[in-house]
There are 6 protein chains.
Amino acid sequence: MTYNQPLGGNEMPRFGGTPTMMRLPEAKTAEGLDACFIGVPIDIGASWRAGTRFGPRAIRSESCLLRPFNVATGAAPFASLQVADIGDVAINTFNLPDACRRIREAYVEILRHPVRPITLGGDHSITYPILQAIAAKHGPVALVHLDAHADVSDTMFGEKIAHGTTFRRAHEEALIHPELTFQIGLRGTGYSPDDFNWSRRQGFTVVPADDLWGKHLTTLIDSIRGKIGDVPTYFSFDIDALDPSVAPGTGTPEIGGLTTWQAMQLIRGCRGLNIIGCDVVEVSPSYDLSGNTALTAANLAFELLCVMPGVKYSV
Amino acid sequence: MTYNQPLGGNEMPRFGGTPTMMRLPEAKTAEGLDACFIGVPIDIGASWRAGTRFGPRAIRSESCLLRPFNVATGAAPFASLQVADIGDVAINTFNLPDACRRIREAYVEILRHPVRPITLGGDHSITYPILQAIAAKHGPVALVHLDAHADVSDTMFGEKIAHGTTFRRAHEEALIHPELTFQIGLRGTGYSPDDFNWSRRQGFTVVPADDLWGKHLTTLIDSIRGKIGDVPTYFSFDIDALDPSVAPGTGTPEIGGLTTWQAMQLIRGCRGLNIIGCDVVEVSPSYDLSGNTALTAANLAFELLCVMPGVKYSV
Amino acid sequence: MTYNQPLGGNEMPRFGGTPTMMRLPEAKTAEGLDACFIGVPIDIGASWRAGTRFGPRAIRSESCLLRPFNVATGAAPFASLQVADIGDVAINTFNLPDACRRIREAYVEILRHPVRPITLGGDHSITYPILQAIAAKHGPVALVHLDAHADVSDTMFGEKIAHGTTFRRAHEEALIHPELTFQIGLRGTGYSPDDFNWSRRQGFTVVPADDLWGKHLTTLIDSIRGKIGDVPTYFSFDIDALDPSVAPGTGTPEIGGLTTWQAMQLIRGCRGLNIIGCDVVEVSPSYDLSGNTALTAANLAFELLCVMPGVKYSV
Amino acid sequence: MTYNQPLGGNEMPRFGGTPTMMRLPEAKTAEGLDACFIGVPIDIGASWRAGTRFGPRAIRSESCLLRPFNVATGAAPFASLQVADIGDVAINTFNLPDACRRIREAYVEILRHPVRPITLGGDHSITYPILQAIAAKHGPVALVHLDAHADVSDTMFGEKIAHGTTFRRAHEEALIHPELTFQIGLRGTGYSPDDFNWSRRQGFTVVPADDLWGKHLTTLIDSIRGKIGDVPTYFSFDIDALDPSVAPGTGTPEIGGLTTWQAMQLIRGCRGLNIIGCDVVEVSPSYDLSGNTALTAANLAFELLCVMPGVKYSV
Amino acid sequence: MTYNQPLGGNEMPRFGGTPTMMRLPEAKTAEGLDACFIGVPIDIGASWRAGTRFGPRAIRSESCLLRPFNVATGAAPFASLQVADIGDVAINTFNLPDACRRIREAYVEILRHPVRPITLGGDHSITYPILQAIAAKHGPVALVHLDAHADVSDTMFGEKIAHGTTFRRAHEEALIHPELTFQIGLRGTGYSPDDFNWSRRQGFTVVPADDLWGKHLTTLIDSIRGKIGDVPTYFSFDIDALDPSVAPGTGTPEIGGLTTWQAMQLIRGCRGLNIIGCDVVEVSPSYDLSGNTALTAANLAFELLCVMPGVKYSV
Amino acid sequence: MTYNQPLGGNEMPRFGGTPTMMRLPEAKTAEGLDACFIGVPIDIGASWRAGTRFGPRAIRSESCLLRPFNVATGAAPFASLQVADIGDVAINTFNLPDACRRIREAYVEILRHPVRPITLGGDHSITYPILQAIAAKHGPVALVHLDAHADVSDTMFGEKIAHGTTFRRAHEEALIHPELTFQIGLRGTGYSPDDFNWSRRQGFTVVPADDLWGKHLTTLIDSIRGKIGDVPTYFSFDIDALDPSVAPGTGTPEIGGLTTWQAMQLIRGCRGLNIIGCDVVEVSPSYDLSGNTALTAANLAFELLCVMPGVKYSV
């Protein structure tokens, strides 16, 4: 079998050619794919700075710098997985519930195929319909959730759907295993002094950012991996889990966040988990003048691909 | 009677103090006011670049440079009108129809007072509920509409409310007099070769930008003023009527637009009209790195105040 | 016959989907096309600010805002021409002569088909190999050249190929008809007091920018069109022909340039000419923070498409 | 008693409403307040990049994202303290000594009330007159001073007042206890090889940044807290204490600075001190394109509020 | 005699080498020079946005793109004048009156030589001490003053010296001929409805910007030139005379300003006047992200050099 | 003997005066110098983002903030070394091999003097000709190489010279001792899973970035220093060795890089080595909106000067 390969820099300069994710071929559907990149360009679930509607495009554009091998880990994802960029979901920019319906339906369709989608957001409200589709296929999943915020509000401005209610909804609809839900990197000011305790009361594990400052995270993720075992797992990476120095281009930045190397340790430590889908969300290009938030997201999406089941490692 | 005065630069440096519009006092309601500035911070009606939710804040911030007199025209609005900044409408960021309901209700409440609101947007979808409230009080109004786009689509992505459907809705609900509706500055690519003809078929007067290139606009506005006479008139200024060189910070820029001096000629020429409300919309600060789009909007809002009925002129 | 249509905003939001030029389908070759968009992403011919290597990508990205009809002129290019985006030429980033060879060969291949290429640059050195390929097929061509600079230096830093030598080379190799070469918008400081006279001595017509300040250009282009008649014509638009207020994102900006409406008058006035190819070059995105230079280039490329022979007009 | 509460995001979207600090009510004086936020918008004491005159406005604008509780520490400052934003000091932009006089007089007036002022700067020259007013009430104070620079020059360009002479003046006038003065984060190039030794000779404790690289700072601040005991203490936070990656928007950035989590450890460790005033200074918005330096300053000012005596903790 | 020549682009790429004005040689004094470029890097006279302290450096940096001949006018200034860049005046950043004293003394020293200084600002307060030195040598001078503001306030915040009082001081001290003082481009909001009438009452000629919109200015400057005759003349160009679209990087932008071509017409029309000094002021690089405001200033300074008495013309 | 001293901030404000490196005197040649700063302004060896041609100018401009002493280490380089800024190499912007020839010849000329050059780049291709000149004088050298990339490709796009082939060429030509070559900070995606093993097979020591995350690097550099002993050593610092949060302004950023304090530990640990030359390369100002990447490079270049043999230390 021949696997799709990213277009090489010696065939076409990296600033030329169609800016698909990692310069992979485009595919119209997920048929025949083991993993796929997919964009959900939306920002109307955001409560502070807007702009994540341009997130997928910016991440793809910066991803053109990426080369196909993960030298640090030895992962060679394109040697054993069929991967393509299947484009964007046609969301409804003016109506959030309808956008969520469209996302859910698009993922139900995608998941008819045995593919693991890597989603490029978009604000975090998109993870709710994605998890609906995921759970419809796999049942409740384990969740590794990197974020500055727990996103477990009941409503925002009276609305049930917004980027701060995602995991409340997911829990209510039993899309996730609460005891296998890990929220990592939480911090910042809150609406009540025990903001994170709602999560804890549901059985989620909360790891605030201030417990992680300056630390290596391999032990943490090893422990999480041990608890999850082979339960199907979704990985949701809100880019604001990272420190604003690393990821300025996001909607609700909070100081004191994770470093990129901590993020890479967490993702790399997921090797062995049965990740059945994942996302990198909340990249807002209009606040990312250097482009480096999008570049970071592109790298993290690649690292997620590298820990998908079935990836060949040379080391 | 004592009129509110903008805080002077010799009392507090212009970069200090609360950044209300023109450094005017804040008021909780429109009671006792002849005119008021009011913000409607929303962007979920936008179809391309987002960010107008921060428009009112940016316009107010830049407006702190403005001094109280219009030297070119002699207008001294604060010598004969009671003016204040009454703050922002608490829109619903996640639900456009509900946001429009909130805007309409807010303006109905404001318009219980004999005040002329000058609205700072916000994307152009806000003009629809404002016109609903205006027409509820005044009946159908004449409309002077500066814009790159006609905003008369029936739906956008299937939705009846969006920043491109405003004047279709206004016409359907008889909020405006079609034969006294003037759309000025239209241009750009379109969805059909006769995009502007729908407007014309309803009786609107369309003045495309290319008819205005390089020309003084005093004759045009004199003619419009003659046609409108003393019919209550609403003035809606989409900042993208201006050329992108002048107003880069907007959501859907179109090349070949108006200059600021043409815009000022148009507004100044409205002196004598019975303007019962107006707006300056579509300023998107995250695309306005110099701040000059917001500064332009602040100046235009001031020029609009200067042509309100009752303003004293020294010249 | 079915013509390719740009992807509509109601099928996929404009910030979603593959950012091809105007959201047209991609094609691998020019076969079956009447006109094509093509990128040449290079900047190593630039003498001052770099960055035009990202020009094609930025122009395509901003072009996603464009809708398919030219409302001002009535042109409906996608109603009678088969148009696609055929991607980028794989230039050699490290070697300018080899890059030029690659460009020339790519265009020779493209021009085996009866297609009119609309090129997105890239610095202006690319027009030299394009004209070589054009002249190889059509013989010497008439040239309408909008630019701040004449680009007729013999060498730059001793090199024969650079963005300032293009039309010297083209003339030496008889790729253009000197008496049908029109250089419009020239200005700025020069290497000698009679910088523009070399062009004139070859028989070129030089129209300095200061002859055009504040003027409508319909008469000028009518006269040029009359002189050229039906001679095959190439149109080269260096974005620095425009004033830096309009087009800040370019490598060698010169104050006192053309307005966008003058540029549109010039292009629209070319209707009736036998344009066999054209380009828009010198967009440098890293100096174009608002994106509006790229947006302008996208609009100008569309306007050029609209005056291609065979385009249907509704007006 | 009812305490002022920040305006909630469900009452008014965070991008709407008056941008006071943390969306607190404004107060005209400090009467009845336990703590207050106050701006000193000045930059004419700066020696390199200017722009801190817009610091207070930018900090307040970004502070609108902050919610009222400190989830990490359990602090609920608005449950037991009366806090308001009392606006800006009307400094003289053209005359630094007169500006300092105005600041001193304003603080003397404020300190007639039993209030703890949290100052938003402004360049660091403002801390001199603030300390004059503080010492006039409290006598000499302990000082916790985070900064890249010691700010103990005798003169700058011959002037006694500038942002680099503040603590020399404070020491000369016995406004601070030298043996209870702690300068933390000093680094960078200097005017002499023993730049920091002047401080040491006066009895100050100097903790250079390179002693802190990669370390947790809880032990350091515990030790300082132990030494200070209940002596009235002033906390001065020059944002350039932080690394430029975290706080690019400042006038004299120095590489190798503190992380935000180190800063938070230092501030949180001050709980128990008798802080009678504090400031966050040197935020220069025109060099802070993402807004994140101002956001960081807003968070640090909130963390300072959280360690004020009398704050209720839920944990 | 050998005249200094700008370093050519074929000797050293324009982005290399010392960024003196136009890449001219540096000189320590004005001895032997006919004209000189000189910087006055200050911004503490500014009332709104700061940053002009970096103006001279930015103008010089962008000036490296300029070539030695004025193709439009035929001026060859380096063929008949000895010109150098004599560096910057060592102003006092912390004390405006002392800075003015230093500027005055520096210019008195420079003017011991028969040189015509072309000053790069710096905020507009610098023109006051420059005029003091000019008048000390030449007596009162004619003044051509391009600006958005009249700069004739008596005091600002109680201070006699600031960027808005310059020409009041100059008039009081009889540094200028009132009846030969021409203020061109005035506009914007004012402190009183007859802001410009103070100037008129002194005998100044005021030409508001709105009288110039869309017009060629050759007639205006011809008339001014006729009135001035051979009276020694100073030309002061505040960059905010230009429209903010052209010159965003300035401290107090006002919409509806001059175009660059109008500015060039005004300067070029000064040929024949006895210009004994001139300045280009108020460029604020931190608000000039594209660099084009500085580039514009560099071009205008060059145009001013080209109309100095004694310049050779090839046309 | 009198040593050149940087111009002090009390003689001329730091934003005034000629922006040479650290405000040192300029010298035309290296005669009489112990160390020199020199720029190589080129970017045509870059494969992704361009712009390093403006690197030397930006680094010098930001270096004006630096004061002459290294307070952390006690180094007083200007007390015992004669140092100057000798300007830029006149590279050929349009031809990379010729540019390399020019660089090599320039360095051969410089190295006729017993001077240690500190080079400000420019893209990394410049280190190849510099090493040719270095080795021509000193024979093969030890190499301390900080970088995100190994830069050991055989060709890029078929070319032997580019910024990714530098150390392959250096090794082939025996310009470096492979067993004394240390590549530190390598990371990112690669062209093969064993990208770094080519280096290892030649005998280079490779220290990937992920081995260094969160660690102090004094032990590492002590060990390297021990191995090198007194072998003449070249130090090449690609700014992309640093994390993109610290150094956004570079052409090929890779997440997970070094902190500035790690970089300073590495450089400071080189004290005692016989450094005969060094460079700081790949600063791309158009992606460095805050200027802080250039500022970082300026500091690192200064730190390199401080560890040159012969520097006096006060501590």
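Just so you know, glycine gets a Cβ as well, placed from its N, Cα and C.
Features as listed in TrEMBL:
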- B:HIS124: Mn(2+) 2 binding site (BINDING)
- B:ASP147, B:HIS149, B:ASP151, B:ASP238, B:ASP240: Mn(2+) 1 binding site (BINDING)
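Annotated features, which come from TrEMBL, shown on the structure.
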residue	record	Cβ within 10 Å
B:HIS124	Mn(2+) 2 binding site	29
B:ASP147	Mn(2+) 1 binding site	25
B:HIS149	Mn(2+) 1 binding site	25
B:ASP151	Mn(2+) 1 binding site	25
B:ASP238	Mn(2+) 1 binding site	28
B:ASP240	Mn(2+) 1 binding site	29
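Same-chain neighbours of the Mn(2+) 1 site beyond B:ASP147, B:HIS149, B:ASP151, B:ASP238, B:ASP240, judged by a C-beta within 8 angstroms of the site's C-beta center, are, in sequence order, B:HIS124, B:HIS145, B:LEU146, B:ALA148, B:ALA150, B:HIS163, B:GLY185, B:LEU186, B:ALA241, B:THR252, B:GLU282. Those binding-site residues from B:HIS124, B:ASP147, B:HIS149, B:ASP151, B:ASP238, B:ASP240 lying by chain F, with Cβ under 8 Å from one of its Cβ atoms: none. Separation of the C-alpha atoms of B:ASP240 (Mn(2+) 1 binding site) and the residue listed as 'Mn(2+) 2 binding site': 11 Å, rounded to the nearest whole number. For the pair formed by B:HIS149 (Mn(2+) 1 binding site) and B:HIS124 (Mn(2+) 2 binding site), distance between Cα atoms is given as 11 Å, rounded to the nearest Å. You'll find the Cα of B:ASP151 (Mn(2+) 1 binding site) roughly 8 Å from the Cα of B:HIS124 (Mn(2+) 2 binding site). Here the C-alpha separation of B:ASP147 (Mn(2+) 1 binding site) and the residue listed as 'Mn(2+) 2 binding site' works out to 10 Å. In this structure the alpha carbons, written CA, of B:ASP238 (Mn(2+) 1 binding site) and B:HIS124 (Mn(2+) 2 binding site) are 7 Å apart.
A strand conformation is recorded for B:ASP238 (Mn(2+) 1 binding site) in the three-state DSSP classification.
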